[in-house]
Amino acid sequence: MLVPPINLHAWVEQHRHLLKPPVGNKCIQQDGFIIMIVGGPNARTDYHYDEGPEWFFQLEGEMVLKVQDDGTARDIPIRAGEIFLLPPKVPHSPQRAAGSIGLVIERERLPHEQDGLQWYCPQCNHKLYEAMFPLENIETDFPPVFDHFYRSLALRTCTQCGHVHPAPERYAAVEA
């Protein structure tokens, strides 16, 4: 059975209260594609690795898509009304401004594909840690990986330059 059209602006207004930290992400449809609305602000330090492309449409406000491009970190600003198609296998870290709202479309993963979360040293851009996993639920599969990385001082310490990657405030008491 066909799903009726969704009035995107009305959906955002009805669910705006859910588009805030710490999650800020709601899946609105999933059938071949994962269609999400994401609200800001956020302060992600991880990079997401997806074997498929991702499509970004900035509805309100601005965001910066940090990417790892051939070993170099760079920023791609995406403003309200702009779209951007991220090619497959490009590590990226969406940085959303307060009050911003974006639509993100990803294709569902193929059975053999895995998602990844990566962290890079903010001083020298050396890869600190990478976790690959089969993605089953985009809203619940990431937090355990975040916890594992941020709770480990060893994983957050750069083997190249010795810099310690900062952990979000909620992990501040954890230095094991």
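Placement of Cβ uses the backbone N, Cα and C atoms for every residue, glycine included.
Record check, Swiss-Prot: Fe cation 1 site residues include Glu54, His92, and the candidate from His48, His112 also listed there is His48. Arg96 (substrate binding site) has Arg44 as its nearest neighbour among the binding-site residues Arg44, His48, Glu54, Cys121, Cys161, going by CA to CA distance. Cα to Cα, Glu54 (Fe cation 1 binding site) and Glu106 (substrate binding site) are separated by 5 Å.
When the Cα of Glu106 (substrate binding site) is compared against those of the binding-site residues His92, Cys121, Cys124, the shortest separation belongs to His92.
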